[in-house]
Amino acid sequence: MDAGNDMTGDVVGNVNDDHDSDHESRSDAARAGRRDEAVRAAVEQGLLGPTTPVVGLLDVTGIQESAAALRTAFDAVTAPGTPVLHAFAVKATPLVPVLRLLREEGIGAEVASPGELALARAAGLSPGRTVLDSPAKTPAELREALALGIAVNADNPQELDRIAGLMRSAVSRSPIGIRVNPQVGGGSIEALSTATATSKFGVALRDEGAREWVVRAYAERPWLTRLHAHTGSQGIPLSLMAEGVAETYGLAEEINRRIGRPQIDTIDIGGGLPVNFRSDATTPTYADYARVLREAVPGLFDERYGLVTEFGRSLLAKHGTVVARVEYAKSAGGRPVAVTHAGVQVATRTVYAPGAWPLRIAAYDGKGRPKEGPDVVQDVAGPACFAGDLLATGRALPLLEQGDYAAALDTGAYYFAHHYAYNSLARPGIYGFAPDGAGGIAFATVREPQSVEEIVAESGGAHAAALTTLRAPGGR
Ligand SMILES: *Cc1c(COP(=O)(O)O)cnc(C)c1O
């Protein structure tokens, strides 16, 4: 499973026209330039240094550009007036200021837990721009979502029964759909492939009797007006994603035909656009995917259906950078090892599954300037106390020395916002950056760094004597 990022070339080459690729590569280069400026400014302004040796940085301009690219891509292929909701998959970057920024860019939220729903609400997202999908919604969660009027996709027949029960006892404005798994197959990363034959998500459409069950479910429940599939994620080729959408569209057509009216009015195509982790290039683009979809499923765009999308990784990944100070530089078995403050706590997937999730590492000197010098094969290690806590092994980079900085690139989604509390390592501060209008960089706090006091409190500090004073009632 080493081909995690090797899956897009086949389709992309055919659909990218020159005009778009010029524009894309200019904005990709500009993003890399902004990143270098931000690292330097973070060191200069003291956000990063000996006492705060790791931070997460978010490129506000880049996030705005990706949001605009998403809107433009689908505007270009949908009939005028088609309702389109782009709902950001909150799990990719569960940070309230990010959700608010996206809201300002016209992007809604896809949530999958009470916590994610609370984040979306704290960011000011309205129920009409929020979608709830989770494979394990409790009755209380469903009741809350229906009371608020949030769109809900039922994962399975038991959940649909629960929703039906709630719909009988109260009126709800919530649009309701069923999530199906078109079972078109997986990609190169098993753990992220949602459309395999035995995926835990949705109603497995090709299982015996399943398709009939779905058609009947709609026929018996006129309030079922949406159909949902999410056939990502990272590691899935565009052609396979399009096949999943085509299967879903075909089912919606069949249901509406058999019921005799357009009961399904909205198709939720999920997210899952893969991200290129090998360079600064944005490939595939939203425009690429929209064009592939339009070719594969023209009927989806002819104004009979509203659309919902649920992109996560592709909106944020390239706009985040973890920067960590090199505490020590040593050598072991002839190999240089830079011991940094970024490891499993901020890059959990990469550390545990380095073959599927390799990250690019950039070297900066002690002033935050891109490091010059010949490439040296070295390991970049994290601070955690287990041998495998490595951000990169055998990587050719200018030699990292004590007091330098190592940056893990493309970590804006599913990385530093997904802290793993190994060794009680603190959650780093996260700062958004943008040009300050005077040739410099301005930062805004997105999340405060976690303090040691908070770590103690979150680790049962208030209950220190709980176990030593535990007594059975009436015990000795
Ligand atoms: C995770 C998830 C997404 C987003 O996937 P990305 O690969 O981050 O785009 C969208 N929809 C559902 C239902 C998901 O579980």
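Heads up, the Cβ atoms here are built off N, Cα and C, so glycines get one too.
In this structure, CYS385 (active site, proton donor) belongs to neither helix nor strand by DSSP; it is coil. Residue environment of CYS385 (active site, proton donor) contains 10 other Cβ atoms, counted within 10 Å of its Cβ in all protein chains. TrEMBL lists CYS385 with the feature active site, proton donor.
Look at TrEMBL and you will find 1-15 tagged as compositional bias 'Low complexity'.
Here TrEMBL flags 16-36 as compositional bias 'Basic and acidic residues'.
Annotation source TrEMBL lists domain 'Orn/DAP/Arg decarboxylase 2 N-terminal' at 78-316.
As annotated by TrEMBL, domain 'Orn/DAP/Arg decarboxylase 2 C-terminal' applies to 318-412.
In the three-state DSSP reading, LYS91 (N6-(pyridoxal phosphate)lysine) counts as helix. Counting only same-chain residues six or more apart in sequence, the Cβ atoms lying under 8 angstroms from the Cβ of LYS91 (N6-(pyridoxal phosphate)lysine) belong to ALA112, GLU116, GLY312, TYR414. Taken from TrEMBL, the feature N6-(pyridoxal phosphate)lysine applies to LYS91.
Look at TrEMBL and you will find 1-36 tagged as region 'Disordered'.
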